[in-house]
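Presented below is the structure to which this report refers.
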Amino acid sequence: MATRGSRSEKVKRIFQQFDVNRDGGLNREEMAALVVAVNPRVKFSEEQINAILDEVFRTYSEFIDGEKGLTYDGLLRTYDDGAGDVDRDFDALALELKPEDNAGTSIATEEASSSSIADERVMEPHKKQRTAAWAASPNHGIVFDDTWKLVDDLEILIKRLKSKQSKDGKLKNDNSDVYSEGWSRELGPSTEITDKRVNWEETGHDYAVFVRELGVLRSRADGARSREEAFDGHMAIGRVLYDQHLFKEALVSFKRACELQPADVRPHFRAGNCLYVLGRHSEAKEEFLLALEAAEAGGSQWAYLLPQIHVNLGIALEGEGMVISACEHYREAAILCPTHFRALKLLGSALFGVGEYKAAVKALEEAIYMKSDYADAHCDLASALHGMGDDENAVKEFQRAIDLKPGHVDALYNLGGLYMDMGRYQRASEMYTRVLSVWPNHWRAQLNKAVALLGAGETEEAKKALKEALKMTNRVELHDAVAHLKQLQKKKLKGNGGGNGEEAFIIVEPSKFKTVGEKTTLRTDLSTALDIRSFQRITRLNRCDVDQIKKEINETDVPMSYSGGVPEKSIRKASLEEILHRLLKFLKPETFIGAVKAINQKVLSVLDESESGRLDLGMFFAVLAPVCGGSADKRKRIAYEALLWRPVNEGSNQIRKTDAQRYIKLLRAIYIPSQGASEMLEIHGEMDTSLVSLAEFTAMFDDPDWGFGIMSTLLKLELGDRNRHGSHVCATCRYPIIGSRFKELKSHFSLCSQCFSEGKVPPTSKQEEYRFKEYASEAEAVKDKCMWFGIHSKSSSSPAAS
């Protein structure tokens, strides 16, 4: 079992260093000196120092010894609660442990015996230095003597199990930190899981015996003389089990403690931590909410734990994909405890996750000021800087994260992506190679390595890397990548361009692109529709039937707001995120986070132009309706009903024309920004009080010049963007054509939708004018070819021809 050992001695040395007058307490002046000394890079103002000291002296009032100030136990408690990092502060102060500092802290070796637990118990079971730091703490510690006996016996049970499983080779250490993806999510210091997580074998006979004996200990706890003592026993059993990574068993104990004292914060908090580690994020959130409710009802008694409850609640919400909601709790934790660098780091990472790059940079920089060696914070700061376009500083921050932690997968992978964007393919390939040395089955890194090698001109190495990626996963995009590579090889052999240093395509101005037939989409329309389709793919909104919006309109109860002088059903972004979670309930958490980010950047940034954090829910529903699933008529009707639901139109069966005009201009500003942004300026000052029916609204909506006429093109893409065209590949990008195929009628080359929308043509086919015909499927092309041959065969067999 772990001991307090050097940790408590380090705190003692820090305490002695700043207890200048040797009175056994740190007064405000001494405490201020400590705060400044352990944060050498932070320039505190007098107001900030006073705010921090006020918070410490208020939160830890039970440890304040009159004018002497904060006691040693109080300082130790602040570190236990995550207000600081003992090892970091100790190193920052350049202190050293003397050999005698550790005297008496080692655990006596216990002789293994199979007779009984009592035989294995050492002679002095109640020595508090034998167990973890929490056991002797005034807030989380063991209160009753009989509880110490339970802990001693439980430690022996765990020791037996560990010994047997180690002997059988069943006990494994798993460095789960290596396999992190995305921005980092971590439990705070008071509940932190060490890098080396123990994986117990739970199916064997040894484990079954352990659980049975553990049940006996739980029965002893239940048989205590009082409810308080039973609670103390179950909490202690839970803490010991948690520290040994026996999370399922720990959860049972914490749940029992919750039953014994439902209004106590601690068992809910601990149960939440267990549930999170077990991957049961929704249940963890509920426990943290109960802990928060109990802490707020309990007054100052639980003030020391409030920041950590907010942090862990935020982490649980992130586990569900609710990142905007998580931000609120990280922010609250940072307000309650200004030195909580993990809360600031998590806030910055979450803000980055929803595309709020500027705010993310600010929070992450603050976290790094407090803890300069925080590798995860440097990694996420780099990602946020890249999001803002500051690639030079982003590279430096990624490199700093890697210097601090050479096996940091996210930093290596993301730096590889950044080098790819910069065209530094060789360096990108090196980064992906390093990712694979840490995580050999990272197929995305393997695929990107192949692309980087291709960019660097190392075609043979790229082919090998692609084959390795195919061994790792059988995803269709890898097969497309292989086909693409073969096409490039063919093109290089033929000498048609696209090889090293050769021109792969030329871009032609829109006026030179002509269309043949009414069904062929205009290049500019296709470009806009492809952008909207890309947004649909990221958000998966087209998989959300528009009827779900109708359901939300009928069932969502939103209080009226008069903040802008006009009545509005407005809600905060966090509440809007909950509605989106219901609409997109079929998404996995990580995919939902990406959807929220895209919606925040594309939609909410326009609807919340004043950055008040509140949005008109009716207008939001109306803006979302056209990109959801369902027929075109249904989407328009529900958009109309969403506008009708707004307070300004409520009670009427028609909407005001000004609202319809504002809606369509917002729609264009969001989805057709190149055209819509300037139109938004024209909205103000319109006083038309006439009303618009659904039929009139539909006519306004479908107007090709001033409405959202692009929707017909969008529907065509939705229906056909998975269609493949046999062996046809795009003449410029060389990828297999998926979706519509655009065939040039004179030179007979074909383009994919993306290259057609961008005006790319092969350099060998320069013409004054290009005439394209669109084929939605290969069947259409075959039918067209047959008709052409039929017409020409008839004309060749006619008398005139003979």
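From the backbone N, Cα and C atoms, a Cβ is placed for every residue, glycine too.
Pulled from TrEMBL:
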{"type": "DOMAIN", "residues": "6-41", "note": "domain 'EF-hand'"}
{"type": "REPEAT", "residues": "231-264", "note": "repeat 'TPR'"}
{"type": "REPEAT", "residues": "341-374", "note": "repeat 'TPR'"}
{"type": "REPEAT", "residues": "375-408", "note": "repeat 'TPR'"}
{"type": "REPEAT", "residues": "409-442", "note": "repeat 'TPR'"}
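Proximity of distant same-chain residues to the domain 'EF-hand' (6-41), defined by a Cβ-Cβ separation under 8 Å and at least 6 residues beyond the stretch ends, is recorded for 49, 52-53, 56-57, 64-72, 75-76, 79, 84, 86-90, 92-93, 95, 97, 101-102, 105, 133, 339, 369-370, 372. As a summary of secondary structure, the repeat 'TPR' (341-374) carries 27 helix, 0 strand, 7 coil according to DSSP. In the repeat 'TPR' (231-264), the DSSP tally of helix, strand and coil residues is 27 helix, 0 strand, 7 coil. Residue counts for the repeat 'TPR' (375-408) by DSSP state, with H, G and I taken as helix and E and B as strand, are 27 helix, 0 strand, 7 coil.
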